[in-house]
Amino acid sequence: MVQERHPQRKGVCWTLRLWSTAVISMLLLSTCFIASCMVTYQFTMEKPNRRLSELHTYHSSLTCCSKGTMVSEKLWGCCPNHWKSFGSSCYLISTKENFWSISEQNYIHMGAHLVVINTETEQNYIIHQLNESLSYFLGLSDPQGNSKWQWIDNTPYPNNIKFWHPHEPNLPEEWCASIVYWNPSKWGWNDVFCDSKHNSICETKKIYL
């Protein structure tokens, strides 16, 4: 009878070891999963939080608008207070005239840049915010004066949409672009001297929360 008990003990001990190993494995997997989620969450939130911190450095308050209908679907897009919100960007229309380079430097210090127009819809939105008696610098220039225009954010110019007035750009000495209202063609782009003073349009990306 004693000899018959040994196989049973071996079987029980093996079963317990297997169960213990399974429990330990599950705990390790759970720990790894939680750690992975924490890393993913931190990675996902780090960039928006950094961007939010940057905006707060330049602006005392933000205006956020929600998207989605259910609480779980809501996504908040934030712009500096008093800026115009459209698509994934925020816009500020300047009330002061300045040189192209100074306007761009001022906007860089605000965490933004002169506007880059990528679509007709964006252009149409912007022109509804403008004064027809004024001219506004864009983030578009020809730094070498060799007809190689480039956007301030390195958006490829040749493949991008263009809204030049007829016969513009027309002078190699005019290295900067503005948007201006002319009859009968209405709003369009014009090349101007960079050291002439114009109003300007500022753009920055929304921060999503």
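Placement of Cβ uses the backbone N, Cα and C atoms for every residue, glycine included.
Swiss-Prot records a disulfide bond between Cys90 and Cys79, which is the match among Cys78, Cys79. The disulfide bond recorded by Swiss-Prot for Cys176 reaches one of Cys194, Cys202; that cysteine is Cys194. The record in Swiss-Prot pairs Cys78 in a disulfide bond with Cys64, which is drawn from Cys37, Cys64. When secondary structure is read from DSSP and collapsed to three states, Glu168 (alpha-D-mannopyranose binding site) falls in the coil class.
With helix defined as DSSP H, G or I and strand as E or B, the domain 'C-type lectin' (86-203) counts 17 helix, 39 strand, 62 coil.
Looking at Glu168 (alpha-D-mannopyranose binding site) and Asn131 (N-linked glycosylation site), their Cα atoms lie 21 Å from each other. Glu174 (alpha-D-mannopyranose binding site): 19 other CB atoms within 10 A of its CB, across all protein chains. Spatially, by CA atoms, the binding-site residues Pro169, Asn170, Trp182, Asp191 include one closest to Asn131 (N-linked glycosylation site), and that is Trp182.
Taking the Cβ of Pro169 (alpha-D-mannopyranose binding site) as centre and 10 Å as the limit, one finds 19 other Cβ atoms among all the protein chains shown.
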